[in-house]
Amino acid sequence: MTDTGRGRKTLVVGGARSGKSRHAQSLAERAGGDMVFIATAQAFDGEMRDRIARHRADRDQRWRTVEAPVDLARAIAAADAPDATIFVDCLTLWASNLLLGEHDVDRHLREVEQTLAGARGRVLLVTNEVGWGIVPDNALARRFRDIAGRINQAIAARADEVILMVAGIATTIKESARD
Amino acid sequence: MTDTGRGRKTLVVGGARSGKSRHAQSLAERAGGDMVFIATAQAFDGEMRDRIARHRADRDQRWRTVEAPVDLARAIAAADAPDATIFVDCLTLWASNLLLGEHDVDRHLREVEQTLAGARGRVLLVTNEVGWGIVPDNALARRFRDIAGRINQAIAARADEVILMVAGIATTIKESARD
Amino acid sequence: MTDTGRGRKTLVVGGARSGKSRHAQSLAERAGGDMVFIATAQAFDGEMRDRIARHRADRDQRWRTVEAPVDLARAIAAADAPDATIFVDCLTLWASNLLLGEHDVDRHLREVEQTLAGARGRVLLVTNEVGWGIVPDNALARRFRDIAGRINQAIAARADEVILMVAGIATTIKESARD
């Protein structure tokens, strides 16, 4: 099974500034094909706008960018094709958008799981670990940790491959053989 | 050496919502025997009460539950038997109880270490990593990180097996052969 | 390739109280030679002074200690020799000193990278993972996470060996063969 395997799902997980997006992007660009970048980020403020613009400048011109702050399942389904390479960045911002927009997390997560199960393209998803600090003071932050952790577990369970990033170093922590 | 090995001590470590308790519980239920769940949680508020009740509902009826917010060594010793499977959830709440109750952490930790060294049953312990965020503003939180980290290191050093959980994926980071 | 290999660079990374410094120190003491401890800590307050004094008491008398809160490249270069064992503790405090002192992070980082590339001695560097919690409220803490993460990635990329510490357990996540 090569890295470019169609239908293969890879989750890249790690802390902030651990090199997650860069690693997932390099795997995606190696896979090639019809490359779709699905951004879950919303540009609420200048800091986030700068970050989005910087990330966009980092990607090469082969990428088509789609914004999907909430309807991630629909965006993945729309981009999916046997020749597609889909790069979702990132599940943690999606979790945050679901929480702050008071969307039904269970339903949205279930739809993404189903879409991934049926996807024919190569899919790479990036997510943050956010639960390794002390318990946050405020209840909203605790709910966010719960939701983000739940999403990470669900997607990791369905991924063929899970890669942990620490200081830019990739370690494969799950690897499923596929036919 | 099988998973059901008597006298074997396993520490399962990870961030919040990383699937630690679920994984330790599934290892414990596979081991079988006389199953004792030692809960260190204290139901201070509604949020914690809900979490405790939810976790209790997740466990099957074979489990006997013992509460040990502070005297963990005594609870383990009381539950221990060649046929026992003891599941301690979790060391981080225990650390918090020791700190907030102004108990002697060193003495309590030493007692738990000695009890584990002599335990004849299968013991599984769950703990949180809490030191991977930025340094907390308040001194109490910093003391808590220090104590929780010290406990984790001490128990990991004495465990036969240490398992790191990330997004529900288990990675064995320590594995000792046993006679 | 043995642990004592001259010119070899090892980065030890982990959360607070994960046993990073102790592990790096034990690797360094095994390497022996002319042992130089480069401390980036600054004793701003009593808590930090206590921590520095405690760490110093932990090291054996063979160590010579040099303080380098900002000019880390220069301190490494000055200590470097074919027989030197250099232990830098830690990059995260250095990142904090660069940020708070409004120094040019890129320039300082580049100088350290160049110094490491040419170093003839055995070099061990310790650093904290700080980006595994929820996004900090204040902008300065977010900038700190960015800088600390960037430094970790840059040094890890140039290290021959990267070791992840969790609960005192060392896991090698990068290992380069060297001539």
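Just so it is clear, glycine is given a Cβ too, placed from its N, Cα and C backbone atoms.
Counting same-chain residues at least six beyond the ends of the region 'Disordered' (A:1-23), those with a Cβ under 8 angstroms from any Cβ of the stretch are 30-33, 55, 58, 82-83, 89-90, 116, 119-129, 132, 152, 155-156, 158-170, 177-178. Positions annotated as region 'Disordered' by TrEMBL: A:1-23.
Its Cβ taken as reference, A:Ala57 (GTP binding site) is surrounded by 7 other Cβ atoms within 10 Å in the chains shown. As annotated by TrEMBL, GTP binding site applies to A:14-21, A:39-41, A:56-59, A:Glu67, A:Asp89.
In sequence order, A:Ser21, A:Asp89 constitute the residues six or more apart from A:His55 (active site, GMP-histidine intermediate) in its chain with CB-CB distances below 8 Å. Sequence annotations record features per position, and here TrEMBL assigns active site, GMP-histidine intermediate to A:His55.
In the three-state DSSP reading, A:Arg17 (GTP binding site) counts as coil. Its Cβ taken as reference, A:Arg17 (GTP binding site) is surrounded by 23 other Cβ atoms within 10 Å in the chains shown. When the C-beta distance to chain C is held to under 8 angstroms, the recorded positions A:Arg17, A:His55, A:Glu67 reduce to A:Arg17, listed in sequence order. Over all protein chains present, the Cβ of A:Thr40 (GTP binding site) has 22 other Cβ atoms lying within 10 Å.
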